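Since the structure comes first, as structure tokens, the remarks are kept for the end.
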């Protein structure tokens with residue numbers, strides 16, 4: 001293909017939800033409220049776990065890191081989505097688009113690894129309770145958390161490098177609510193089958209491997225819990241896993257259908273709906289899932305509010 005007449009694209013236009021142009025202001029208000037609630041909820045959980053010594057356990061250590069992670073995960077996409085809802089020209093530079101993809105995927109990968117670590121922590125606590133304090137030490141918790149962050153931040157480097165070398169000559173309209181690999185690849189002026197294959201392999205290894213490890217952990221947990229003689233003991237064991245399992249099902253339920261596939265795209269509306277689930281709703285719901293189903297965390301929030309003299 002002759003490349004001499006191509007004019008390189010320097011910016012993209014993110015179309016978002018083109019069929020909802022008449023209600024953009026209402027979408028902006030709704031998304032802003034969701035974003036502020038997400039920030040407040042995750043920030044409260046992070047600070048409460050750090051400030052309350054009773055929650056200085058491996059499980060809550062990972063919960064606080066997840067809450068901190070969600071702050072960055074949502075910051076990668078939602079502020080730009082909010083700006084686009086009020087802007088006539090919903091533009092983002094080529095480098096800005098790549099940065100958005102990088103941070104969104106690196107933080108998403110970090111969440112995959114962190115959820116896997118949390119499942120392993122619950123496996124040790126329930127299946128090997130006598131050895132749990134010596135196995136899941138504070139030092140190991142720090143190493144696991146660091147490994148999750150380093151693995152996540154290194155994850156999308158190959159994919160970003162390949163996309164940055166592609167020629168883009170127009171059109172430059174991204175049929176999505178933010179920059180992501182599939183909609184950006186569809187705009188390239190050359191064959192992207194290698195990129196699609198690399199994305200599929202990396203996402204399959206990253207998403208499927210962590211999901212299978214989580215399932216394996218829970219199969220062992222269920223097997224152990226079913227051997228507990230008392231109903232109260234079974235309920236107590238399951239209650240420590242319920243919040244984490246709920247988050248896993250919501251998060252993985254959407255990203256598996258979005259990223260573990262060889263086709264560049266399904267229905268555009270299908271892709272946008274899934275993107276809303278894993279980029280907006282999951283971080284929004286996490287604080288409610290962990291706080292509403294966790295008595296220790298709710299009591300810790302009350303203690304910190306009383307200490308701050310917000311509650312009487």
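Every residue gets a Cβ built from N, Cα and C, even glycine.
Just so you know, TrEMBL annotations are computer predictions that nobody has curated.
Annotation comment: TrEMBL describes 41-290 as domain 'G-protein coupled receptors family 1 profile'.
Taken from TrEMBL, the feature transmembrane segment covers 25-48 (among others). Sequence-remote contacts of a segment are chain residues at least 6 beyond its ends whose Cβ falls under 8 Å from one of its Cβ atoms, and for the transmembrane segment (25-48) they are 17, 55, 63-64, 67-68, 70-71, 74, 78-79, 81-82, 85-86, 280, 283-284, 286-288, 290-291, 297, 300-301, 304.
Annotation source TrEMBL lists transmembrane segment at 60-79 (among others). Long-range neighbours of the transmembrane segment (60-79) within the same chain, counting only residues 6 or more positions beyond its ends whose Cβ lies under 8 Å from a Cβ of the stretch, are 31, 35, 38-39, 41-43, 45-46, 49-50, 100, 103-104, 107-108, 110-111, 114-115, 117-118, 121, 138, 141, 145, 148, 177-178, 247, 279-280, 283, 286-287, 290, 296-297.
As annotated by TrEMBL, transmembrane segment applies to 99-120 (among others).
According to TrEMBL, the feature transmembrane segment maps to 140-158 (among others).
Residues or ranges marked as transmembrane segment in TrEMBL: 207-226 (among others). Here the transmembrane segment (207-226) has long-range neighbours at 112-113, 115-116, 119-120, 122-123, 126-127, 234, 237-238, 241, 245, 248, 252, 255-256, 259-260, meaning same-chain residues at least 6 beyond its ends whose C-beta is under 8 angstroms from one of its own.
The transmembrane segment annotation in TrEMBL covers 238-260 (among others). Here the transmembrane segment (238-260) has Cβ contacts under 8 Å with residues 59, 66, 108, 111, 115, 118-119, 122, 125-126, 199-200, 203-204, 207-208, 211, 214, 218, 221, 225, 271, 274-275, 277-278, 281-282, 285-286, 289-290, 293-294 of the same chain, all six or more residues outside its ends.
Under the heading transmembrane segment, TrEMBL lists 272-292 (among others).
Within the chain, the transmembrane segment (272-292) has long-range Cβ neighbours (under 8 A, six or more residues past its boundaries) at 17, 31, 34-35, 37-38, 41-42, 44-45, 63, 66-67, 70, 73-74, 77-78, 104, 108, 176-178, 180, 243, 246-247, 250-251, 253-255, 257-258, 298, 301.
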